[in-house]
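As given in TrEMBL:
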type: ACT_SITE; residues: 111; note: active site, proton acceptor
type: BINDING; residues: 50, 51, 113, 164, 165, 220, 265, 266; note: Ca(2+) binding site
type: DISULFID; residues: 39-349; note: disulfide bond
type: CARBOHYD; residues: 266; note: N-linked glycosylation site
type: CARBOHYD; residues: 320; note: N-linked glycosylation site
């Protein structure tokens, strides 16, 4: 769809917008700043860092270059990339990972990512991809000796219609969130406008594919607890995080919902503490409008003891978009914090 048509549909959407949608977008919220003293922008990441996953050894994978319907892109004609950072270095730098021949780099449009370490220490990287605005999950093997990715296969399925994020649970199996029921641009926005709760979560393996949770406004980030007993799901337009119990047959049952006052995007789990870190959009209206004079703000939350009756939710970082626009992920390793964005830059902080 050309830019003029996109803009016309945006204007149509906002012209008739109702109070319910304004509430789902948190359209009136302004963020109160929370500063972190030891932060710097990561050089080389200019067109997004939508999702980040860190291995236990401190190697961080960063997806960059997402083109998503209705959202800004600072590099609309450049294929997406996967960056790597070694957080054990004194001054970590981001470097682009080389991807093996045979993979269509020209249409690479990476979204959510997840890693899985097999019993033989093989590292697999699952990447949500949107080639030509479709949804696939790409499976790569990480080759640490030469910092490259070997493409193993492309996963497509009728139930994987509008994939946002994945969490790997095996070398070729995962849970995936579909953030919309429809994949067509206009129908996606109509779905959001009408407040349809048709978004879902799908379990995928080569032997079985099935819906395991449904009824979300827009299921977004997904992750797993360190003990592998619970799956966490962010419903970005319902401003909450769902806790689901994972069963032996891979089905999920609802345990509880933690309500927030912000639009939680991707979820990261600290393997040492079990804390959930999430990059959030304080005001979703600004994310879609993206006015250069009033950019989308950034916010990072830390959720402790989510299974407790009253979990502790801490605003770790927040600012008005002058430094970082549209935060989508936050993840920690050894008191180092990485903050990523949908289409903007990335921040490295020492806590």
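Glycine too: its Cβ is placed from the backbone N, Cα and C atoms.
Of all the recorded positions in the list 39, 320, 349, the shortest Cα-Cα distance to residue 113 (Ca(2+) binding site) is found for 349. Using a 10 Å Cα-Cα cut-off from residue 111 (active site, proton acceptor), the recorded positions that qualify among 39, 164, 165, 265 are 164, 165. Residue 39 (disulfide bond) and residue 320 (N-linked glycosylation site) have their C-alpha atoms 16 Å apart, to the nearest angstrom. Listed in sequence order, 51, 111, 112, 114, 128, 176, 177, 220, 221, 222, 266 are the same-chain residues six or more apart from residue 165 (Ca(2+) binding site) with CB atoms under 8 A from its CB. Neighbouring residues of the recorded Ca(2+) site, listed in sequence order and excluding 50, 51, 113, 164, 165, 220, 265, 266, comprise 111, 112, 128, 221, 328, 329 (Cβ within 8 Å of the Cβ centroid).
Recorded residues residue 50 (Ca(2+) binding site) and residue 349 (disulfide bond) have their alpha carbons 17 Å apart, per Cα-Cα distance. By neighbour count, meaning other C-beta atoms within 10 Å, the densest spot among the binding-site residues 220, 266 is 266.
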